[in-house]
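Asker: Submitted below is the structure of interest, expressed as C-alpha cells.
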C-alpha cells in the first residue's frame, strides 16, 4: 500500500500542472504596480522544509472530541499511536456510519501524513476511513487524493501501524476522522497520529468595501520575472480579488470571482478606462466554499501565468500586516445518497396564521425532493422539489438553472390563504398558489427525502431524492441549529453529512477531451461529444479513420472523407478527397489555386510572390505527409521570354518555399532533385538549350514549359512561389501548383507474425494514466493467446483472445480487476483479419470487436483515476512467456501512436516482420467477377474479367447510344489470342472450356421495338436480344419464360416469350438482364435468324436494325468478355470497331439505387441454348463483316465475338 501511494504521489506531482486550471496571456507589461485585495486573503510559509513531526501524541485530553465513547476508558483522548492508556484506544458507543473522532491541533498546522492503529489488545480496528479538515471546527472539508479517492486504507489487525502520506499536504487546525468500515468480528477501535509542521501566516480580513494597496519599491519594477502569491477564502461567489495596473502604458490586469470561478481580465490604462475589461480565461470552481485556495500570478517577460490551487513558487510580501480574519460559521448538511433525509418538528403558526420555511441549497442534479409535509386536517400534502432544474410547488414553479452548483436561497411562505415560494430573494423568481384551505405545518417537515414507507407512512415522495447541500434552514424566521441535529437532540436524520458541504465539481478540470462539453450530476459527469469528431464517455476516440487506405478497406469508394491521422491524439480531423479509382489509393488536399494561372507584368514590381492556403492546418498537413508512403505535388511553369532558374552558377530568378511551417527556400523545379538547381529536362538532358538546365532559361520567344512532380516529402507541401523574370514587357508566363497527393499508409499495414507461444515483442511502458485507447487487427488459427499486456505494482492492462469466439479486455487501476468481454457468433480463429478497439477512461472501460456492439463496464464514481504501469509493454505474449499469441497483429496503435512492429520484429527471434494473405479477409470487397490479387501491403481488385471498373469493380461502364452508333467486337481464334500476349485480359480473354453462354447487360430506353444485342458465328448460328413493340409506349423487360413451341420455318430454333409490363414513355427505368444459355439446343429470340447471305433473312429483324437504338447500355458481358468496356477503355488494344458517336456516360449508375432494378431479370434460368458465335454487335444500323465472314445486322445493339470458337456439330 505504501509503495503504491508513494508512486502515485511522485507520478502526479508531474501530472498536476496539466490537470489544474492554468492560463497564459501576452502583453503584460508589469503586474506589481498596484495591488488591491478584496475578500479574505492569507500568506503562508514557503519552501521545502522538513515537515514530519508528530502532532497528536503530546496534545492534552481537551484537544480530543468524538461522537460518542463506549466508556470512560474508551475516551477519544486515549486514541494516541502506540499508547496503551485506558482501554488501549478509542471506541464509540455504537459502531455505525455516524461516528467520528476529532483532534484540535491548537493552531493552523501543515499536515503531511496520517497513521492509524487498532485498539490495543482487542479485535477492534478500522479497515477504511475518511479524513476531514477545518480551521474553525465547522464547515469541514473532506480530503481527497489527486484522483478523487476519498477513503483511506486502514488496518488489518490491532497492532500494526499503517501510515499514509498525503499527496497534497493539508493546512488546518482541526482534524476529524470518520470510520467507514471496521473489523466485522469486532468493533470500531482507533489510535492515530498525524505528522507535519507549524504553519505561520499573516491574515487580512476584508468586508467587501475595503482593500489593501501595495506599491513596490522602484527598483523592483520592470524586472524580467515578477510573482504575486496569496491564499483566500470566502462565502461570497462574486467580488474583486486583485487588480494590477501596468506600468509604462502596459495592460492592466484584474482577477475577479464570478459565480465561484476566478476570471482573468485585461484592462486598458486610460483614466477612466475606455472600454470594458476583456475576459481572457476562467479558472477554478466552487471557490466560495469558505476553504483556503492558493493563487499565484507570475510574469516572465511578456508572458503571464495564473495558477489556482497549486503550490506557489514564492510569495509577495504584503508588509507586516497581522489582522484577524473573521470566520463566518455556517453549518451545512450534505445529502449524499438515496437514503438521505432530515426530519424536523413542525413550527407553530405565526400571528398571521401562516408558516415560513427558508434554506439554501447547492447541487448539480436537475431533480430531487427538497421539502415535504402533510396537511392532516385537509388530508393533503405539500411537495417542494426540483424538476428540470426548476423549483416546483405542486403545479407551480419558480426559478431556473438551480443545478449550477451555486448556493440558492429558497423561501416557502403561507399567509392569508396564499402559498408562495421564492428563489434567490428579490432578484430571483417567485410563484404563488391559492389553495381552498389554510396551509399549516402541524406534523413534521421532511427535507431531501423520506424514510422507508413502512417506518414513516406520513411521508410520501413521488419524486427523485435530493442530492446536494442545504444550509441556513429556518422555520418561522428562526434558524435551525443543525449541531443539535447532529447530537440527535433535534429531529431525526439518516445518511447525512452534517457540518460540511461535500459538493465536488467533476467538470473542473474537465475530463472531456477534444472540445467535448462537460455536464454533471451529484455523482457523475457526462461529456457531450456532438460536432467534436470524437466519441466515447470522454470524447477520446476519433469517429474517423486515419487514412484513405483505411476507408478503402472498409469498402468505401472515392469521395470526400474526414481523416484523423493521429486517432485520439491532439491533431484535429481534416477533410480530404480520397481517390480510389487507381491502383493506389490517393489522398488529395486542395489549396486556394490549383488552376493554370497567367502572370502578367506588374508596374513597379520586380517579383511576383504567390502564397497557397491549404484546406487543412499545418499540423495536419505534416502528419498526413509523414504517415504516407509517397507524396507528390505538380509544379509547372509555362513561359515565353521569362527565365526560371538561370544557370547553376547564377542567382535564381524564381524559387519556391516548401515544407513544414512557412517552408524553406527551394531552388529546384518539379521533376528534379532537391538542391540540384535544375528542372526535369536538365535531369534528363533534353532541355531545348543544352547550355541550360530548364527549358524556360533559354529565354526564347516561343512558348516552353518546365513541369514535373515534387516528390521529396521534406519539401512538401509547396507553400509559396516567387517569380522573378516577369517584369519585362515581352515576358509572359503561367504557373500551376497542383493539389498535394499522397498514397499509402505506413501504419495501416505495419504487421508482425508470431509463430510461437513463447515469442513476443516488447516496447517501453505504456503511459495512459487518465485515458487509454488501443486498436489493432489480428488474424490467427489458434483458439487463445494474449495480444497485449503491461503491468504495474498492482495496476495492469491486458487484452487477450480467451477462446475462439471471445476477446477479453481486463485491467486494474486500484479498484480491483475489471473485465470487459465481447462474444462473437462466428469463430475468430478463421485466419481472417479482425479488428479490436479497447478504451479505458475515468468513466468506463469499453471493448469493440469488428462491427459488433461495444461492451462497456462503468468505473466507480469516486474510484481511482490514474492507471499506473511500470513494466515493459509486451505484444503477442506475456512476461511469463505463457499464453502467448500465435498469428498476426497489424496496425497496433496506443493513444493514436502506431508501434512499429516490423522494425522490432526484424531484431526479435521467433517474430517475423509483415503478414501476407489479405484476400481471405478483403476479397469479398471485389465485386462483379473482380478477382482479389495479393500485394505486399494489402490487395488489389483485378477487374479484367469484369464488365465493371473501379477500386472494387463496382463502377458500371455505360455508354449513351445514338441511332447511328454501332460497336462490333470480334472474338479471336485460340492461336491468334496466343500470339497477342500483350492484349488486355478484358479485351481478349476467353474460356475454352465453357459449357454454356452467359449474357448480361443493363439498358435504359424510351424506344420500342429495339434490338439490343446480336451474336453470330461463322456456322450460321446466332442469338438476338430485343425489345418487342406493344402499342405506342415503351416497355421494360420483367420476366422471361421458356416455351417448347418451335419457331415456324425454323425447326431447329426455339423462341422466348417475353412477358413485359406496360409503362409510360416518361417512366424510363434501367433494367438488368442476365441470360444463361446451355447446349446443345439453339434458341432464337422472337424472330428466326439466318445467315445474312441467305434470302431467308427475317424482314422484321432487318427493319429493326435499320431503326437504330437510342438509349443507355451498361455493363455488357458475354461470357468472360466485356465488349462495351473494351470499346470505351481499351479501344486501341481490343478487337473492336466503333461506328458513329460513342460517349461514355454515367447513365447506368443509378441502377443500384433503383429498387425496381435491383436484381437480374431471368437470372440463372436456362433460357437460350446457343452455339458459341464468332461475332457480336451492339447498337449498329448498318451490316458489318466480321472475322468469321458473317454479317450481323442490328440496330444499335452491340456486336460481340468470343475469342475461341468451336463447332459443336
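Note: Cβ is positioned from N, Cα and C throughout, glycine not excepted.
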Asker: Given 1-21, 22-42, which one carries TrEMBL's region 'Disordered' label?
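Answerer: Among 1-21, 22-42, the range TrEMBL annotates as region 'Disordered' is 1-21.
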Asker: For which of the residue intervals 950-971, 972-993, 994-1015 does TrEMBL record region 'Disordered'?
Answerer: 972-993
Asker: How does the model score the domain 'Laminin G' (331-501) in terms of mean pLDDT?
Answerer: 78
Asker: Would you mind listing, in sequence order, the residues at least six apart from residue 915 (disulfide bond) in the same chain with a Cβ closer than 8 Å to its Cβ?
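Answerer: Expected: 751, 752, 753, 779, 888, 890.
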Asker: If you draw a 10 Å sphere on the Cβ of residue 888 (disulfide bond), how many other Cβ atoms land inside?
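Answerer: Step by step: centre on the Cβ of residue 888 (disulfide bond), count other Cβ atoms within 10 Å, giving 22.
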Asker: Pull the DSSP breakdown for the domain 'F5/8 type C' (51-197) and write it out as helix, strand, coil residue counts.
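Answerer: Taking each residue of the domain 'F5/8 type C' (51-197) in turn, the totals are 9 helix, 68 strand, 70 coil.
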